[in-house]
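Student: Here it is, the structure, as structure tokens.
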Amino acid sequence: MIPEFLLASCTLATLCHSAPFSLQPEEQKVLVVSFDGFRWDYLYKVPTPHFHYIMKNGVHVNQVTNVFITKTYPNHYTLVTGLFAENHGIVANDMFDPILNKSFSLEHMDIYDSKFWEEATPIWITNQRAGHASGAAMWPGADVKIHDSFPTYYLPYNESVSFEDRVAKIIEWFTAKDPINLGFLYWEEPDDTGHDVGPDSPLMGSVISDVDHKLGYLIKMLKRAKLWNNVNLIVTSDHGMTQCSKQRVIELDRYLDKEHYTLIDHSPVAAILPKEGKFDEVYDALAGAHPNLTVYKKEEIPERWHYKHNDRVQPIVAVADEGWYILQNKSDDFLLGNHGYDNALAEMHPIFLAHGPAFRKNFTKEAMNSTDLYSLLCHLLNLTALPHNGSFWNVQDLLSSATPKPIPYTQSTTLLLGSDKPGEDEQEESYPYYIGVSLGSIIAMVFFVVLIKHLIRSQVHTLQYRQVEVAQPLLQA
């Protein structure tokens, strides 16, 4: 009797467990979106209903400390490796490696030498090594062959490709026959305009509104593809932006002989490579030359920047105060908005918002580090993290206390495109969910009745058997 009882119990337990959850996807899905140069307080400069919709229905971090230097390529590589710039090797947008005797330049799009990228392993490679698929639409570095690998799907960088076309590719990859579980999407604004006009310009308002409109378009497309409630959407950036002016310019030619050094990287962190035998002369001429310029020998760079332990960091690094601009002379290009300054400055900090089945709702956290995103992604995707500088414990409170699981999609009547009122709170479950739970409950009840009948019959049979045992000795007497 015991084996039959156990079999029935196991069958009941299996059905009770599986029925309500049979509609759930097998794994978490994550989409990371970066709006380049989106400073943390842009959310409040003009109405941003779609950003606030995510904040209301997901999580928001007020202050994200990114890595020094606060530029595009170092910080985008930090987001996907969890490493400081000195550890992942992309120390600037423009670099010189004395070991390789090669240069790296974002300005000239000379960025495709794999050796510059292979001091670290981006998470899309780890994800693919675990048997999953990844996709990247214009994410910086994703079109570079790193450790003999590209993302499963990727778009070669082309600034002319529209945001809508990039979104279409992301949706296609998430809904393919062999879908991705990890996607990356990059957009150049508001960084481009921020450089041109400066973050304090009234012209920035329309650009921020347009980025919000594009986020609304992404939300609409995710809902249309029935992905909104099943994909964990993370919206972030690489850095902020500060206002500059031509009245705050530091000209290196006023202090240095240009024949004595090579300027590897420019404002606001000048990476200076002195010519052979000219180190002391260059350093002495520049140190103390301007009250708004701090000059470091490489070994004297502050530890808090985690920046000096890499061959690509030049022997002399000159850092301008916030809002000050470094030029060789006034004939060089000047930008009204700039970034790259000390990562402790609030104006250098980017945004961080997230929505999805793994995240809490209407929750705001005060602070995190950009290095923490990598460990969060590894946790969501159940990947073994490689060594990194972030901390999962620093961001675990962003997650729902319940075991993260995607929920079935339900169409909202509000598409969140161009609306100032993004609509009502999201539904937590849909009709398919309730149908699944109901079917599971009915099946459980049926098997419970069958089990009770089985137990009753077993008891009757046992009583009859015992009666025969009791009567048997009397017959023998």
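For all residues, glycine too, the Cβ spot is worked out from N, Cα and C.
Got these off Swiss-Prot a minute ago, pasting:
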SIGNAL    1-24  signal peptide
BINDING   D36, T72, D238, H239  Zn(2+) 1 binding site
ACT_SITE  T72  active site, nucleophile
CARBOHYD  N101  N-linked glycosylation site
CARBOHYD  N158  N-linked glycosylation site
BINDING   D191, H195, H339  Zn(2+) 2 binding site
CARBOHYD  N292  N-linked glycosylation site
CARBOHYD  N329  N-linked glycosylation site
CARBOHYD  N362  N-linked glycosylation site
CARBOHYD  N369  N-linked glycosylation site
CARBOHYD  N382  N-linked glycosylation site
CARBOHYD  N389  N-linked glycosylation site
TRANSMEM  432-452  transmembrane segment
Student: In three-state terms from DSSP, label H239 (Zn(2+) 1 binding site) for me.
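Tutor: The residue in question, H239 (Zn(2+) 1 binding site), is coil (DSSP, three-state).
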Student: When neighbour density is defined as the number of other C-beta atoms within 10 angstroms of a residue's C-beta, which of the recorded positions T72, N101, N292, N369, N389 has the lowest density?
Tutor: N101
Student: Just how many other Cβ atoms lie inside 10 Å of the Cβ on H339 (Zn(2+) 2 binding site)?
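Tutor: Summing over all protein chains shown, H339 (Zn(2+) 2 binding site) has 29 other Cβ atoms within 10 Å.
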Student: Within 10 Å of each Cβ, count the other Cβ atoms and name the one among the binding-site residues H195, H239 with the highest count.
Tutor: H239
Student: Count the other Cβ atoms sitting within 10 Å of the Cβ of N329 (N-linked glycosylation site), across every protein chain shown.
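Tutor: So the Cβ neighbour count for N329 (N-linked glycosylation site) comes to 11.
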Student: Where the distance is taken from Cα to Cα, which of the recorded positions H239, N292, N329, N389 turns out closest to H339 (Zn(2+) 2 binding site)?
Tutor: H239
Student: Cα-Cα, whole number of Å: D191 (Zn(2+) 2 binding site) versus N158 (N-linked glycosylation site)?
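Tutor: Roughly 16 Å, rounded to the nearest whole number.
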Student: By the DSSP assignment reduced to helix, strand and coil, which category contains N369 (N-linked glycosylation site)?
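Tutor: In the DSSP reduction, N369 (N-linked glycosylation site) maps to strand.
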Student: Near the Zn(2+) 2 site, what residues other than D191, H195, H339 in the same chain have a C-beta no further than 8 Å from the centroid of the listed C-beta atoms?
Tutor: D36, G37, T72, D192, G194, H239, M241, L335, G337, N338
Student: Return the residue, from the listed binding-site residues D36, D191, D238, with the maximum count of other C-beta atoms within 10 angstroms of its C-beta.
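Tutor: Compared across D36, D191, D238, the most Cβ atoms within 10 Å surround D238.
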Student: Please tell me which one of the binding-site residues listed here (T72, H195, H239) sits closest to N329 (N-linked glycosylation site), measuring Cα to Cα?
Tutor: H195
Student: Roughly how many Å lie between the Cα atoms of N389 (N-linked glycosylation site) and H239 (Zn(2+) 1 binding site), rounded to a whole value?
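Tutor: About 18 Å separates the two Cα atoms.
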Student: How big is the Cα-to-Cα gap, in Å, between T72 (Zn(2+) 1 binding site) and H195 (Zn(2+) 2 binding site)?
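Tutor: Cα-Cα distance, T72 (Zn(2+) 1 binding site) to H195 (Zn(2+) 2 binding site): 13 Å.
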Student: Output, ordered by sequence, the same-chain residues six or more apart from N362 (N-linked glycosylation site) with a CB under 8 Å from its CB, or 'none'.
Tutor: M55, K56, N57, G58
Student: Compute the centroid of the Cβ atoms of D36, T72, D238, H239, then list the same-chain residues not in that set whose Cβ lies within 8 Å of it, in sequence order, for the Zn(2+) 1 site.
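Tutor: In sequence order, the nearby non-listed residues are S34, G37, T70, K71, N75, H76, D191, S237, H339, P350.
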